[in-house]
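Asker: Just passing along the structure, written as structure tokens.
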Amino acid sequence: MKYSAKNTALSQIDSNIILAVFEDGELSPTAMQFDQLSQGYLTRLIQVGEVSGKQGQVLILRDIPNCQAQRIFIVGCGKKDKITERQYKQIIQKTIQTILETQASEVVSFLNEIELKNRDIHWNIRFAIETIEASHYQFDTFKSKKTDASLVLDRFIFNVPTELQQNALQAISYAQAIALGVKYAKDIANCPPNVCNPTYLAEQAQSLAKHSNLINVQVLGEKEMAELNMFSYLAVSQGSANEAKMSVIEYRNHPDKNAKPIVLVGKGLTFDAGGISLKPADSMDEMKYDMCGAASVFGVMYALATLQLPLNVIGVLAGCENLPDGNSYRPGDILTTMSGLTVEVLNTDAEGRLVLCDALTYVERFNPELVIDVATLTGACVVALGQHNSGLIATDGKLAEKLLNAAEETTDKAWRLPLSEEYQEQLKSNFADLANIGGRWGGAITAGAFLANFTKNYPWAHLDIAGTAWLQGTNKGATGRPVSLLTQFLINQSK
């Protein structure tokens, strides 16, 4: 899809036009112009009940007096002063669905005239593009019959005042980069585990170096990790025939070459059967999504390189598999982590933290400004927060606040969970420094508390995306979250 911003007189538009109308007969500014241009055509439709302005109604008009447009899409938006971000998203989705059914190739949109509380035209345009791209998304790589690309809308033009052109163009630039990052994160996550193994994940990371000359990629195999004493990470991989691989993606574009990097660490379990503590068979296929943390870090790094933000950022994709085998690690094993701390394994299905603890220790060598890990870590987080908010745990209040601000800006929502010393009590072991689980209560928090033991040398935040990384049912598939949140965080950091 090609997006642009122009300022064209309504009477001169000869393609397709999208106009907003509201309940109680209220019209957007350009809808008023259209009504005057067409000698009250829209007013008459409202009077006879053809146009209600209710959200969800889209009326298609053709052959309108004094108007060159092929079609006019009259979009009902509900109460003018009560439109929420969620409703705005639904309005965009319904509009795009209707347009695609007409096979229109170009539209000129005035929906950016919709006013939302505390949002400006930059946000309206950016959010619209991200919504449109998400609506277009198809993952048909492994289907014998592909989606018919001829049905896809080709050009989407935002009609904005001349003085707002630069603002609109920046919004388009940001939105397209983020939307591509989300798409690639979804593509990797939706890939089946017989294709997307740790080696495939590493190959995807290496492809980023071809996308941008600002990126360098190093891949560590099991031999290199063993030399670094990453025995906790390696234990998880023991039951798999596929070698564990950790990809380190370095993006350097800060004016000060010595500026400390921001580090993003993504959990990359390309399949998690639970190991010896085997998961139930029901929905086990969804455990290909246990690498969504790594996929989202990949997506963020792609968006970052596309935007060429003036930052130093390092993305780590911690890839491996957790499978049952005669060589698998066992409940009762005691592992020595890269940090030197020992961990008693009480459940092999609490493996993500065993991988991440070594990855979090590894990134100390970069002397980071801050570190954020992203992981589908706990079912307990899904129980606590459902599928709308990612769980946020942080040792640094300012970092947590910045992430929550980015979540609010993008509607890629997160909710901060507590992290106090009491939770460490649940991780005590009679035989090692730590246990890898903390019992029944507060599982999302105790998982974060476990990781906190390996992050004492830098500001750290943890995003548990177990509830937000993918959808089930008829809409089954990866969401690409939290690419939007993290990219916005980096945009804010670059200012």
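Using N, Cα and C of the backbone, Cβ positions are placed for all residues, glycine too.
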Asker: For the Mn(2+) 1 site that Swiss-Prot describes with Asp349, Glu351, which of these is also annotated: Asp256, Asp272, Asp282, Asp433?
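Answerer: Checking Asp256, Asp272, Asp282, Asp433 against Swiss-Prot: the Mn(2+) 1 site match is Asp272.
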Asker: For the Mn(2+) 2 site, Swiss-Prot lists Lys267, Asp272, Glu351; sort out which one of Asp290, Asp333, Asp373 goes with them.
Answerer: Asp290
Asker: For the recorded Mn(2+) 1 site formed by Asp272, Asp349, Glu351, which further same-chain residues have Cβ atoms within 8 Å of the site's Cβ center?
Answerer: Val236, Leu269, Ala273, Gly274, Gly275, Ser277, Lys279, Asp290, Asn322, Thr348, Ala350, Gly352
Asker: Between Glu351 (Mn(2+) 2 binding site) and Lys279 (active site), what is the CA-CA distance rounded to a whole number of Å?
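Answerer: Between the Cα atoms of Glu351 (Mn(2+) 2 binding site) and Lys279 (active site), the distance comes to 12 Å.
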Asker: With DSSP assignments reduced to helix, strand and coil, which class does Asp272 (Mn(2+) 2 binding site) get?
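Answerer: Going by the DSSP assignment, Asp272 (Mn(2+) 2 binding site) falls within a strand, counted as strand.
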Asker: Can you figure out which of Lys267, Asp272, Lys279, Asp290 (the recorded positions) comes closest in space to Arg353 (active site), comparing Cα atoms?
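Answerer: For Arg353 (active site), the closest Cα among Lys267, Asp272, Lys279, Asp290 is found at Lys267.
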Asker: If you count, for each of the recorded positions Lys267, Lys279, the other Cβ atoms lying within 10 Å of its Cβ, which residue has the minimum?
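Answerer: Among the recorded positions Lys267, Lys279, the lowest count of other Cβ atoms within 10 Å belongs to Lys279.
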Asker: Let me know how many other Cβ atoms fall within 10 Å of the Cβ of Arg353 (active site).
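Answerer: I get 28 for this one.
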Asker: Kindly assign Arg353 (active site) to one of the three DSSP-derived states: helix, strand or coil.
Answerer: helix
